[in-house]
Every structure is written in C-alpha cells, then in structure tokens.
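According to TrEMBL:
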type	residues	note
DOMAIN	145-532	domain 'Amino acid transporter transmembrane'
TRANSMEM	177-198	transmembrane segment
TRANSMEM	219-245	transmembrane segment
TRANSMEM	251-273	transmembrane segment
TRANSMEM	280-303	transmembrane segment
TRANSMEM	326-347	transmembrane segment
TRANSMEM	359-382	transmembrane segment
TRANSMEM	402-422	transmembrane segment
TRANSMEM	453-473	transmembrane segment
TRANSMEM	479-500	transmembrane segment
TRANSMEM	512-532	transmembrane segment
Amino acid sequence: MSLPTQQPTVKIPKERRRSFMDYGGANSFNNFASSFSRAQQYSGSSLMEQFEDGRNSSLIRHSFSQPNFAQGEVSVSPLNESAVVDDEDGTRSRGSDRLEYFQFPQPGGGGEREDSESFLDELTPLVPTISKQSSHKSFVLQLGNSTSPQTIFNSINTLVGIGLLTIPFGFRLSGWIMGVILLLGSALSTNLTAKYLGRILKRYPQLLTYGDISFAYGGKYFSILVTLFFVLDLIGAALTLILLFTDCFVFIWPHPIGLKVLIVSIVFFTSLLPLNILSFFSLMGILATMGIILVVVICGFLIDKSPGSLLQFAPTSFLPANLKDLFFSLGIFMMPWGGHPVFPELYRDMRHPQKFSHAANISFSVTFMLDFAIGATGYLMYGLHVNDSIIKSLMQNSSYPSWVNKALCLIMGILPISKLPLVTRPIISSYENVLKIAPHYNQKSNTKKLLRIIVRVIFCSLLLLIALLFTSFGKLMSFLGSAICYTVCLTLPLLFYLHLNKSHIGFFERCLIKIGIVVSISCAVFGTYASITAETTR
C-alpha cells in the first residue's frame, strides 16, 4: 500500500495593494486623470496632428492604400461600435501604457513597412503631418480608453473658457430676446455639427482628426488652408488671454505695456515645461474659471444698489439698439463653442463611440446653462453699462469689499498663465518642425537646443508686438467668433458631412444643410465686418 504523496505547497503571491485612486473601475480618479491628460494633448498640441507616441493609451496601426473618400467604402472597421465592456466596469486601461499593433496587408500585395515618422515626440506640429495619415500608406488609430463621463468632462473643459466673460456684453448688444435666440441657436447648431463629425469618423475609421477630415474633403492644399484658420485661432486665443490679463491688472499697476511684457515673458518660460506639468496648469485653469463664476454670483448679493447688484437689477433692453450691434454680438455668442477641432479626437478616445451623441448632448447642455447663467447674471447686474468683460465691470465697482479685487486678481493671474502655454504650444511645435529644430530631429545637439531657445524668443517677441496693437478685448472676441468659429464650427463641418456622407443624407436634410451653410457664411461675414468697424466696446 503506497502512501499518498504530499503535494508541494504553492505560494500564492499577494495582490498588490490598490490605491483609493483606483477604485471606481473605468471611472476611477486615476483613469479620469489619464483621460484628462490625453485631452490636453488634443487641445494643446494635436489640432491637426497625428497622435503622439502613445504613452497614454493603446494604439492600433493599419496600412492601407489611398482610399476613395467619396465612395466611403471601408473594408475593416477597427473600432467596434458595440459596448464590449461597460463604462462603469472593466479594467482595460488601468495603469497600462502598452502599444498594440496589428499589421494588415496592403491590397496591392505589399509587405510590411516600417514608418518611423509615426512615432513622434510630444511636440508634434500642426502643418507637416497633414497628409501623413490620410493621403496614403499608413495611419495610427487609437483604441479609446475614455468613458462617457470622462468624455463629458473633457468636452465641458474644452467648451467652457474665457468666452463666457463677454456674454453679458453680448446681451447688452443684442437685448434679451435676440441674445437668448443667438446663444441657444449657437449651442444647438454646434452640437449638431459636433455629432456630424462623429458620424464622419464612424463611417471612415481611418480618419482621426479634424485635419484628416479636411484632407479627405479637399486634399492637401485645402487642409493647409484649414491649418491657417487654426493658427489664426490659436494666435487670437493667445491675444485674448494677454488682453484679459492686462485689463485686470491695470487697475493695480497702470502700465499696460509692462503687463503685456510680463505675461509674454511668462509664456516663454512656461513653454519650456513638459506636457505633464502643463496638464496640471490646465486643471488650475478649470478651477479659475469656476472661481470666476462663483465670484460673479457672490458679488451680486454683496450690495443692494445698482449697478452690480442682483437685489436691484440694472436697466436692460429686450431688443438691440441697432442692426450693427446685433451683428457685433454674433461672434460673441459663437465664441464659447469653438471646440470642434478637438471633438474628433475625443470621439476616437472613447471606449464606446456610440455614446458620443449622448455625451455631446450633456456637454453642450451644461455649457449652455453655464454661459447663460453668467451672461444673464452679468447683464442683470450692470445692464446697458456692462463692459466687454464682466471682470472689468466688477473691478471698477468701488462698492464691493476690497477682497473682491484681490480675489479677481488672483484668479485672473492663474487663468491666462494656465492656458497660454497650451494655446501657444501647437504653433511652437509647428515652426520647430518646419525649421527642423524640434527635439526628435537631434535631441543631443546643443546647437539645436540653443537655436530652439533663440527662435522661441523671436516668436514671443512677435506675439508681444501683435498684442501691443490690440486694446479691445470685446472686439477681438467678436472677430474670432465671427471669422473663425462660424467657419470651423459650422460651415466646414456642414460641408464635410454633406460631401463625405452624402449617400446617407436625404433630400430634405440636404436642403437644410445647404441653408445652414449659407446662414453660417452670412453670419461670419456680417459679424466680422461689425467687429472690425465698431468704434468702441464700452
């Protein structure tokens, strides 16, 4: 009789202790932070770029011949629109920065191809990568990690910005009736065009960014034209932040030129910081924006006499004083919705892209409520005498306690400093790649490093010279909203959808889209003219 053999003891390793930041599954704090960090790359450096080197997410790589975009025939859909893992569960992206590649044979029988240009560093350009993804050979497609709540958060962060500071002035120009119509109409129309961009990406899985869509629509030169719009938009956004900083601190130190030199100098030094630090700055910008809204509402209850009180409303109007004021307000009400260049990449970053429409509805609804709340509050407080920035009206009111100006100065010091590095980052990346002095060309060259610093000083000097030419925050905001936002957020997405998805559009919808294009172009023309010819924004 044989004795039973004693089985060896198997030591089971202890599971690594989980941080409280990991609780919540796909919607944990860690995953929210990762999603937010990726969104800063989109909004800060990849409006027209390829995805970066993939340190924050998984990538799928495909090779393909030049597609026929007009026909829209896609044989392989890398993104599965069905929800395999729910947003609330699953651990697909927890703590893993892995790369996954699947090589598909080219239809012509070509072999595998190495494309080192697909792996760029985090400073990637606006212009040079226009046709790398969409023209031929290869493209990089991100396997999304962001859940619907994370996408909503990133979308709201993209939409809510300094544009809301001029909405009270927009109500002053347009009156209550037309102001509400324009603000609501802008929200509904841009929400629709954001969904149109999502539908285009769903039909063409090889497209990743707004720049890819523009290339598919009109080719290389058209996408370069779109890039110019983005560059103007970024320069304009930088100028508005500089003017906002100057308008606030001029009450403390009445030297606007010196203030502009100061903020541009800060831009130079912060532009040298890595992306992870800039992402933290952006989070500070969100808190500063929320702080502005809170201070505005609190100020309304600090005094009981107009102007500046919500206990006694200032005189307002229901209709605009004249047609030119109404045209002037067009760009102001469109300015808060200028996030469309980022939405395609937010769509690609979703775990379940079929939830994009729902996420867009919530994002635009929340943004509209915030914009309307700050616009109505500021207009009720100051009425027909509200300035082109509600911040200036608050700081000029001596009836408030002294802490109000101190709090506003603190907030307005944080807001431009937190946003300017990400705004100027794509422009810096672009010219460095054009000049072939970007870090990925020769990281160890001290000469290239010195040259990068010298050229960056030149760029900041040019930015300062342009900032010295502009003195009106309201006129600049109206111009950007009319000339840029109507084009990028309405006209171009409608044209893209009408052309790329034409086989899925009925006759009635096609007619409505064409009407929308005409209305958008008309608003852009009239609004731009009014913003240029307006005499004052007092």
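Note: Cβ is positioned from N, Cα and C throughout, glycine not excepted.
Let's see these features in context: how buried, what's close, how far.
Counting only same-chain residues 6+ beyond the ends of the transmembrane segment (219-245), those with a CB under 8 A from a CB of the stretch are 47-48, 126-127, 130-131, 134-135, 162, 165, 210-211, 259-260, 263-264, 267, 338, 341, 389, 391, 412-413, 415-416, 419-420, 423-424, 426-427, 430, 463, 466-467, 470-473, 476-477, 479-480, 483-485, 487-488, 492.
Beyond the ends of the transmembrane segment (251-273), by six or more residues, the same chain brings 238, 241-242, 245, 281, 395-396, 405, 409, 416-417, 420-421, 424-425, 428, 456-457, 460, 463-464, 467-468, 471 to within a C-beta distance below 8 angstroms of the stretch.
Counting residues 6+ beyond its ends, the transmembrane segment (280-303) has Cβ neighbours under 8 Å at 36, 40, 44, 157, 160-162, 164-165, 270, 309-311, 370, 373-374, 377-378, 380-381, 390-391, 394, 397, 399-401, 404, 407-408, 411-412, 414-415, 417-419, 421-422 in the same chain.
Beyond its flanks by at least six residues, the transmembrane segment (359-382) meets 148, 151-152, 155-156, 159-160, 163-165, 167-172, 176, 179-180, 183-184, 187-188, 190-191, 194-195, 198, 292-293, 296-297, 299-300, 306-310, 313-314, 316, 336-337, 343, 350, 390, 393 of its own chain at Cβ-Cβ distances under 8 Å.
For the transmembrane segment (402-422), the list of distant contacts is 40, 43-45, 161-162, 237-238, 241-242, 244-245, 248-249, 251-252, 263, 266-267, 270-271, 273, 278, 281-282, 284-285, 287-289, 291-292, 295, 299, 302, 391, 394-395: same-chain residues at least six beyond its ends, Cβ to Cβ under 8 Å.
The list of residues near the transmembrane segment (479-500) in space but at least 6 beyond its ends in sequence, with Cβ under 8 angstroms from a Cβ of it, reads 69-70, 72, 163, 189-190, 193-194, 196-197, 199-200, 203-204, 213-214, 216-217, 226, 229-230, 232-233, 236-237, 240, 330-335, 337-341, 510, 513-514, 516-517, 520-521, 523-524, 526-528, 530-532.
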